[in-house]
Structure formats: C-alpha cells, structure tokens
Amino acid sequence: MAEQQTTELTNIDLEAGSEWRFELEADENIALRTLSSDPVFINSQELTPSAWYPIYRHTKSALYAPTSARIQVTNLPASHYTSTSTVQPQLLNLHLAMERQRILSKRGMEQRGPRVMIMGPQSSGKTTVMKNLVNLALGTGMGWTPGAIGLDPSSPPNLIPGSLSISTPSHPIPTHHLAHPLGSPPASTAANTISGDVETASWWLGALEPTNKNAEVWRVLVEHMAEAWGMRCEKDKIANISGLFLDTPAAFTVPTLGTKKDDPKARYTLVSHAIQAFDIDTIIVIGHEKLHIDLSRLPLVQSRQLNVIRIPKSGGAVDLDDHDRETAHIFQVRTYFYGEPPLPPQISSLVGKMVSLDFELSPYSFQIPWSRLVVLRVGEENSAPSSALPLGSSKILSPLRLTRVDPSGPGHVVRLLNRVLALVDVKPEDRIVPAKESEVKEEVKEEKNEKDGEIKQDGEGEKKGEGKGEGEGEGEGKYGEEEGEAEGEDDEEEVPFREEIGTREVMGFIVITAIDTFARKYTVLSPTPGRLPTTVAIAGAIEWVDSA
C-alpha cells in the first residue's frame, strides 16, 4: 500500500493531430491509459480505453491523438513534451496506397501485395516507420499477415543483435520495451501480449552491419531469406497478398558498400541485390535527400519503374549514441534468455486491466565437452598469411569458407568467451568424408576384391569361407583404425561439413559463459533445459556478459 501511495497520476490533454513524446531513463518505468472515448495510438496500435499500458525503462516513443484526447500517466518521466509536428498523415497516406494494392491483389487485379524497402541513415526511425505501417495493415480487420523482414542486424525486430529474420505478425504489435520491436517469437511460457507468439525464422550474420569483408556472406543470407519468403507466399495466398516490409541497415546508405573489385564504379550493389531478391516495388527514404536522388537514378530502379518515396524524419526520432545502442543490445540478448522483465510493484499493482510483464524464463546452464560442440566461423581463415607463401603465389579461398575454432588457443585468437553462438541443423548429407578416409575405403574395397578373386581361383568351399572371413576381418579392422585416426585429425584441423551450413537458417542461440582448459569443457547458457537440438554452432562477433 505504501508503494501505491507513491505513484503519482498526471493527466495530459492532447490537441487533435498532436503527439506526446517521452524518453525513459534507466530508472524510469511508467504506465498510461486514455481517459477519452476518442482513439489514441502508440506506433499505430490503438490503446484500449481505461486500460493501463505499461512501458519499461529506456523506451523512447510517442502517443498520437488524431482527435482531442486526454491521457493519464503514472510517474511522469523527466523528458517528455507535446508536439503538433507529426509524420502520421504521411504514414497514413502510404498505408492507404498499399491497402489499395492489397485489395486489388485479393480481387485478382494485381499479382501480389506491396513489397516495401525502408531506407535511411542511423537514428532516422526506420524500424518505427516499419512498425507503424505493419500495425496499420494489421489494424484494418482484413486478416492481413504482412511479412516483416529484418535486415538490420544492429536493430533486430524479433531476436538478438547480429541476426536477420522474417516474421509474420497477425495482431497489432505493442510497444512495451526495447526488445522485440516487431513482436516476440514463441517461448516456453505463456505469451505476455497477444503478439507474443510471432512466427519467426532467423539467419545469423554474427555482426552488427554488412561490410565489404562479409558482403558475400550477406548476399547468400539474403538469397536464402528471399527463397524462404517465396516458399511461404506459394503456400500462403494471404501472405502473398499482404506483402512485406523490409527494414534495412544504415550501412545501405553508403554507395560503395559491397562494391566488387571487378566493377569498382558500381554503386549501392547490396541495395540492388536486396531489391532483386525480394522483388521490391517501393522504396521509402527517410529524410535523406541525396539518397533519394541517388536511388531514383539507379539503372535497376529505373528499369523496374520502382516507386521511390521520400518522407520527412520525425521530430521525435532520438539520436542514439553508442551507449544507447549497447544498452539496447544487452537488453535484447538478456530478454531472449530470461524473458520480458517485470515491472515495479507500484505499476503492476495499479487497479484496472493491464498487460502483465511478469513471466520470466528460466535459462539452463551446463557443461559440454569441446569434442561434442563443434564451433565454426564463416568467412575466416587461419592459414598462413600471403607473405609466407612462395613468391608469386596468392591465396584463393571461398568467402563462405568454414573455419573450426580451437578453444585451446590464446584467448585473443579463440574469441569464444561470452560469445553468442547460433545453432544450425546439420543433416547426414552435409557431412564431408575426409580425403584420407576416402582413400582408406578404396583400399579396403580393392583388398576385398583381390581376396575374393584369389578365393574364386582356389575353388574350395572350406578355404573359400575361411579366406572370405579373414579378408573381411582384416579389412574392417584396418578401416576402423584408419577411420579413427582420420576423424581425430579431422576434428582438430579440417571442417567435416559443407559450406552451406554456415548460412543456413538457425535453430536458436546459446552463450559460452566459461571455458575450462583443464577439463576441456565449455559452460553454456541455453534458453531451455535439456539437450541441444544440434552440436554444431556458428560464432560471430556478438558478445554478452550474463550479469544475472
């Protein structure tokens, strides 16, 4: 009761077409509700009248009132203000144009729904624009399920930093905290919100942005994602009609990103690649006039007659610094393992219906031998440098080459402690038989044929039986011994899997929290107890220290 008495309630009147903007600090949590019958929206999701809507710390957002309205806020944050400058009318116009395309597609007058790419510099509000457009589509009551494509690994819509994802939300997406801006994937506990179980497929880049070094890996990942979305549209007519929204990284604004050596004058190559892969028909540019002009002049854009639309950057978009981004990344990884955090008692105990945020997950920590968990890196190599090769020689390695990590090496080389690993499914056909093992099998086969030939020449049944048994025994023994040696060498030096597994859809994520060099074991944090679904993992550059 004492905690309830410290909760301060403040009423705020909003003019028609105005926004109430707020920025929560590390020690600020609020809950709000609308006291008027007229609708109030947060990222185009309508607030339920008189129901408390909790918002967790570090969140920066805004409420929009198309008509005059009154809201009530608990524990008014230090940074908040009301503004009549808003981009909601522009977003609504975009939505109406896309809704028309969906309806025409449903009637058979268009092949598919809108496919929209959203571009802009850092802190321009790309994810927020995408969230608004998705919520506007979901709020029509037409049963749309638009695809939300997350190509910004520094601001993942559903999972953790370093990941790319495809999700298909079917209900308006709430705004409660930094994690899961476009809905959370299914978990082992009951969902906290109606959009808590969003179907999500993920791929692992293992970095916060695409670069010229990982451009080839990026291209393959995007192609796999586009293929997965195409298969979904073939099976689900509604998904094809609903269309998709594609969030892009800020690095896409760099003209030379992904430019190849054989075509140094090419510009926006990764942008063009994504346009072709997902068959984009509309590009939305936020606030960047030069980018808008450059994209309009791209040969691919002109040949496909794409719509390139520029909208202003919202005045409520907050310029985030490195500390803000690091805070968001830590929160996102922690939420993946521990679930959504609980709100303080003075907010969760408010009288009135509200969305609960008190279902935490229970991650599982255990040890696993080095020999059982195969940790790989994509696009890296530990061979001798070019300077150590013979004069005139050069290294020719696949950009998708897999390299096995040796945990017994120096820490600055291994780089596994506190690293996030992506688990990938490995099938029997993904296994590569080492060269030595193949040679041993051939020797066994030849030996067996020779023995059979000698036995047939003898023509004696008793000797034939003895000879055959002896030959098989020797062959099997020799093969087993050689195979063991080959596997031992393979475990330490070669990667016994095809390169394709490095860019495959991932099954989940784990974190290596400790490395025991004496016992030769990892200590691993997994979101669920029990055995891992696979023992092959891909490492990247994403770190997270479990401070729980």
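The first residue you see is number 1, and the count goes up from there.
Using the three backbone atoms N, Cα and C, a Cβ is placed for every residue, glycine included.
As the structure is a computational prediction, the values presented were derived from the model and not from experiment.
Residues or ranges marked as ATP binding site in Swiss-Prot: GLU19, LYS60, SER123, SER124, GLY125, LYS126, THR127, THR128. Per Swiss-Prot, region 'Disordered' is recorded for 437-500. Taken from Swiss-Prot, the feature compositional bias 'Basic and acidic residues' covers 437-481. For 482-494, the entry in Swiss-Prot reads compositional bias 'Acidic residues'.
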Reduced DSSP assignment, SER124 (ATP binding site): coil
Candidates LYS60, LYS126: member of the binding-site residues with the richest Cβ shell (10 Å): LYS126
In the chain carrying SER123 (ATP binding site), residues 6 or more apart in sequence that have Cβ under 8 angstroms from it: ALA317, VAL318, ASP319, LEU320
All-chain count of other Cβ atoms within 10 Å of GLU19 (ATP binding site): 24
Intrachain C-beta neighbours of GLY125 (ATP binding site), sequence separation six or more, cut-off 8 angstroms: ILE286, LYS313, SER314, GLY316, ALA317
THR128 (ATP binding site), number of other Cβ atoms within 10 Å: 24
